[in-house]
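Undergrad: The compositional bias 'Basic residues' annotation in TrEMBL covers 223-239, 247-256. As annotated by TrEMBL, compositional bias 'Basic and acidic residues' applies to 257-270. According to TrEMBL, the feature domain 'C3H1-type' maps to 45-73, 183-210. Sequence annotations record features per position, and here TrEMBL assigns domain 'RRM' to 82-181. The feature region 'Disordered' is assigned by TrEMBL to 223-270. Annotation source TrEMBL lists zinc finger at 45-73, 183-210.
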Amino acid sequence: MRILNIVKLSAVGYLVVVGAKWTEKVHGKMSMSGAEYLASIYGTEKDKVNCSFYIKTGACRHSERCSRKHNKPQYSQTVVMQNMYVSQQNSAKSADGSHLANMSDHEIQEQFEYFFEDVFFECEEKYGEIEEMCVCDNQCDHLRGNVYIKFRKEEDAVKAAEDLNNRWYMFRPIYCDLCPVADFREACCRQFEMGQCGKGGFCNFWHVKPISHHLKNLLARSSRSRYKHRSRSRSRSRERHSEKHESTKHRRRSRSRSRDRDRRDRRGRY
């Protein structure tokens, strides 16, 4: 490839123009090309084209007015159900919070865990195995009550996104989309987990509402038992199929042997 020009940048750096590609030579080594550089900054704050918040958290406070692109995936393991969970603390039943006067923290947590368990079992039984599920407890509009579910298979997530948009929950329609979030840890606010988030409920990263260890163990046990039962039933059906196949092969062999004997007998008689 022909080098068209070399422009000196500094004592140790040169900008080498190779055809239509611009690369930088530093300390005698060629750095990454333009495509490699764009791939390295994709989804970061340096990316001026794609919205980093939408890629990391699946939501953006600017929504459709954002100056950067929101590339909605066609295939993903994760779905988001927007504003599905209505928190008793965030609901506007009364401005002064008097509607919570007769509800303790324990009762509010019980209601949330009932909702979590209901959604988890419904989605896992109808669409497929779930790896992770999170509910946002943020107060900002684009994250409030969002439910994120990561399925084990992409086709299960696609099926769930198509079907859930035609369903209702607690007299409210469900709005479900495929989500670009692949790593839930990257979307969560680490300062909130340590109890140090200064932005409160208006943080742009997930403030995940926790569930009790009892519910975690219950969901894990039920999920394991359900898919173990499925694997056992599949293995049993395979064993039955193999046994049936062996029996049919045995019958075929006995029939072929009897036919050979008949042929030999006929040959001997004629």
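Glycine is treated like the rest: Cβ placed from N, Cα and C.
How buried are the listed features, and what sits near them?
TA: Per-residue pLDDT, averaged along the domain 'C3H1-type' (45-73), amounts to 87 for this model.
Tertiary neighbourhood of the domain 'C3H1-type' (183-210): same-chain residues 53, 56-58, 61, 85, 87, 90, 112, 132, 134-140, 143, 148, 150, selected by CB-CB distance under 8 Å and a gap of 6+ residues from either end.
Proximity of distant same-chain residues to the zinc finger (45-73), defined by a Cβ-Cβ separation under 8 Å and at least 6 residues beyond the stretch ends, is recorded for 38, 80, 82, 140-143, 146, 148, 177-181, 186-187, 204-206.
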Undergrad: With helix taken as DSSP H, G or I, strand as E or B and everything else coil, how many residues of the domain 'RRM' (82-181) land in each class?
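TA: Each residue of the domain 'RRM' (82-181) counted once, the result is 36 helix, 20 strand, 44 coil.
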